C-alpha cells in the first residue's frame, strides 16, 4: 500500500469529502483520513437534510453556492440520483436584511422576489406575520439530502482512484527537509500538501492559531402540527426552507421540511452553547435552544404545536471570530498546509465549492471562485 501522496486530506465530513474528490478529479493522488467510522454522528455533517440557498447577506457567498449547484447537477447526472429538492427559500426578517439580500442577488442576476410580511401567509399558510416583517423568496432554495451528498462525493472519489481510511487517528504532522508527513495510529504518510477539514478539532491540529475558534453545541429541534390533518403542510411539497431573523431581539432561526422525520419539521435556534466538554459527545438541550423556537412557533406558526419538540438531535458548529469560513493557508503555518473550516452552521451547501477551491490551491492553480474573503489573513492575533 502506498504511503506517498500529493495530498492528504484530514477529516472526511462534507468539507473533506468534497475536497478529496476535487483533488483526485484534477489529478492529485489523494488520501482521505477519518478518525471515526464513516457515518458517525460526532461532528457537523450527519443527518438527512440541510438548507441550500443563493440568498446571503454577504455577496461573497453567492458564487460559491453557484459552483456547488453545478457540481451537484453533475453528480446527479453521473449517478442518476436525486441529491436535493427545490422547495424555494423563504427569508423573513424584522430588520433590513432582506434589502441586503435583494441587493446581492440583483447584482449577481439571481432570480428572487421581495414580499411584505403580511403576504407571506398567502403563499405559505404555515406562517402569519405582520407588517413589521419583510420577506424574500429565493426559488432556487431547497433541501440538501445531506447523507446522499456525503455518500456521493466519497463514492465518486473512490471510483476515480481516491483512497479513504476511516477509524484512523492522526497523531501528528511534521515537516522534514521540505517534505510533509502525517503520522497516524496505523501508519506514516508523506505528502506534498496537507488539507485539514476537521471541524471543531481544528485547534487540536493547529494549536498555535493566532485567533479564536469556538465550537458550539447545537440542539436540533423537530416539531409537529397541532392537528394531524395538517401534517402535509410540513412536507417537501408544501413547506419551504426558512431563515427567520428577529433583528430587534438578535434571534435567528432556520427551518426545513420533515425530511429527517416524517411529520416533524426541523425548526432551530441558530446558536447554542460554547462546547467545552468532549468534542465527540457534546452536551445538548440547552433550554434556550428549545424555548426560543417554541416562542417563535407559538407566535408566528398557527398550525404548528409549539408546546414541545417531538425530538432533539445534536450537532456542532465551529465558528470563526466573524462567523465566516476559513479557506486556504494559515499565516503562521507552512504554505503547503491548507485549511477548510469554520462552517458556522451554514457551510454544507457550499462544501463542493470550498472543496474545489482547496483542490485548486493544492494544485497551485487560480481558484475558479474568488475565496479571498475567507482568507485567515483577515484576522488579527487574539489577545487570549
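Backbone N, Cα and C define each Cβ position, glycine as well.
On its own chain, residue 14 (FAD binding site) has 44, 45, 146, 149, 150, 153, 347, 348, 351 as residues at least 6 apart in sequence with a Cβ closer than 8 Å to its own Cβ. Sequence annotations record features per position, and here Swiss-Prot assigns FAD binding site to 6-36.
What Swiss-Prot records for 315 is S-8alpha-FAD cysteine, and it gives a curator's inference as the kind of evidence. Sequence-distant contacts (6 or more apart, same chain, Cβ under 8 Å) of residue 315 (S-8alpha-FAD cysteine) comprise 44, 46, 47, 218, 220, 345. In three-state terms derived from DSSP, residue 315 (S-8alpha-FAD cysteine) belongs to an extended strand segment.
Taking each Cβ in turn and tallying the other Cβ atoms within 10 Å, the top scorer among the binding-site residues 10, 18 is 18. When other Cβ atoms within 10 Å of the Cβ of residue 26 (FAD binding site) are tallied across all protein chains shown, the result is 13.
Reduced to three states, the DSSP call for residue 6 (FAD binding site) is strand.
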